[in-house]
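For reference, Swiss-Prot has these:
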SIGNAL    1-28  signal peptide
TRANSMEM  37-57  transmembrane segment
TRANSMEM  71-91  transmembrane segment
TRANSMEM  103-123  transmembrane segment
TRANSMEM  135-155  transmembrane segment
TRANSMEM  166-186  transmembrane segment
TRANSMEM  206-226  transmembrane segment
């Protein structure tokens, strides 16, 4: 596991950089503090809790199998933090960003991401004013649950169709990113339906707005996730093989 430590300084520099340089309020994929009505904020939190519990159980088992998994879990969490802190301006006056959940999804499965994702979202809400505490459940459902689950299904399907590993990882990361934004669009569209056209029209409008910047971001995230996974596999082949 000593080889893994070479990644830590770069990850820490990224975390420190985004913590110090992005303290402003964000209007990105993360639904901002106070934006959702209380009943919806509570609803999404209640829906998210079972996934969080299952994720904690899964992580406990992984650590019981091998304590060195802690470092890989931390690396995946840091990868999520750094990528999801990269805010890219959008034509809407908002901004978009990668999610970073594909790496952990491929390595540990989607349940683990529910824990890593909510930890990242909590830190971003407290340190970067990115997202919020009251909207934590809604943001966690989109980025830490539904996105990773969609990505995982796509990854497994791609492997079953004999796609090579890199292509499968790329598709996982890309679809997890897009699924996150589509879920956020649904969450917002349900709460804020179009006065004239209704809920579905509102959802489609949010999706169209996000797609302008999110599709190229998702493609870039897929490529970066492949590079990161291959880098870890090259330095820790036995460890990665064990996780499979």
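In case you wondered, yes, glycine gets a Cβ from its N, Cα and C as well.
It should be emphasised that the depicted structure is a prediction, and the values quoted were computed from it without experimental measurement.
In this chain, the transmembrane segment (166-186) does not touch the transmembrane segment (71-91); fewer than three CB pairs sit within less than 8 A of each other, excluding pairs fewer than 6 residues apart. Only pairs six or more apart in sequence are counted, and the transmembrane segment (166-186) with the transmembrane segment (37-57) gives fewer than three Cβ pairs under 8 Å, not enough to call it a contact.
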